[in-house]
Amino acid sequence: MDIHDMFPMVTGFMNYSQQTIRAARYIGQSFMITLSHVNRLPVTIQYPYEKSITSERFRGRIHFEFDKCIACEVCVRVCPIDLPVVHWRLETDIRKKRLLNYSIDFGICIFCGNCVEYCPTNCLSMTEEYELSTYDRHELNYNQIALGRLPMSVIGDYTIRTIMNSNKNSHG
């Protein structure tokens, strides 16, 4: 006969003490993890008062250069949702297409970058501009004039300069 069989209450207390020790260890480990995060800098950006610094390969608003476009419609064929709308007319005397209108609806665009990657004349490029929100979804349909607008640099914004300077001061 084993002592555990004779005194089931003693066995219960031993299991209880082991569980208590295990729980205290888990609480201690989680507390140590919490303490390790105390000295870290905050990651949250207080938008719109602070702007996010985009990466080099960020896919923001598409910039379009009307003069470079040859109306080949490669951008439409490689787009997974056939999004760019290209209107052109065939000039019979010079046997070339003449671009009349080009538009992209950013309310539908998935920003995959295929149009930019496969454009043979590099008339499309991704910008770092990400502030496209509007109250009316029809305002997200950009024609060649809106697409041709030069992108605003996020780095030139005073809030970004403030963040960058504060990071330099804290690391230096």
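One is the number of the first residue shown, and numbering goes on along the chain from there.
A Cβ is built for glycine as well, from the same backbone N, Cα and C atoms used for every other residue.
In TrEMBL, annotation is done automatically, which means it is predicted and not curated.
Copied from TrEMBL, the annotated features are:
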type	residues	note
DOMAIN	60-89	domain '4Fe-4S ferredoxin-type'
BINDING	C69, C72, C75, C119	[4Fe-4S] cluster 1 binding site
BINDING	C79, C109, C112, C115	[4Fe-4S] cluster 2 binding site
DOMAIN	100-129	domain '4Fe-4S ferredoxin-type'
Spatially closest candidate among C69, C72, C75, the listed binding-site residues, to C115 ([4Fe-4S] cluster 2 binding site) (Cα to Cα): C75
Proximal but sequence-remote residues of the same chain as C69 ([4Fe-4S] cluster 1 binding site) (Cβ under 8 Å, at least 6 apart): L99, Y102, T121, C123
By Cα-Cα distance, the member of binding-site residues C79, C109, C112 nearest C119 ([4Fe-4S] cluster 1 binding site): C79
Intrachain C-beta neighbours of C75 ([4Fe-4S] cluster 1 binding site), sequence separation six or more, cut-off 8 angstroms: P84, V86, N114, C115, Y118, C119, L124
Distance [Cα-Cα, Å, rounded] between C79 ([4Fe-4S] cluster 2 binding site) and C72 ([4Fe-4S] cluster 1 binding site): 13
[4Fe-4S] cluster 1 site, defined by C69, C72, C75, C119: further same-chain residues with Cβ within 8 Å of the Cβ centre: I70, A71, E73, V74, V86, C115, P120, T121, C123, L124
Close in space, distant in sequence - C112 ([4Fe-4S] cluster 2 binding site), Cβ under 8 Å, 6 or more apart: R59, C79, P80
C72 ([4Fe-4S] cluster 1 binding site) to C109 ([4Fe-4S] cluster 2 binding site) - Cα separation in whole Å: 20
Cβ-centroid neighbours of [4Fe-4S] cluster 2 site C79, C109, C112, C115, 8 Å, sequence order: I62, C75, V78, P80, I81, L83, P84, I104, I110, F111, G113, N114
Conformational class of C115 ([4Fe-4S] cluster 2 binding site) under the three-state DSSP mapping: helix
Candidate with the highest Cβ count within 10 Å, taken from the binding-site residues C72, C119: C119
DSSP-assigned states of the domain '4Fe-4S ferredoxin-type' (60-89) in counts, ordered helix, strand, coil: 8 helix, 8 strand, 14 coil
Mean per-residue pLDDT computed across the domain '4Fe-4S ferredoxin-type' (60-89): 94
Neighbourhood of C109 ([4Fe-4S] cluster 2 binding site), C-beta criterion under 8 angstroms, separation at least six: I62, I81, L83
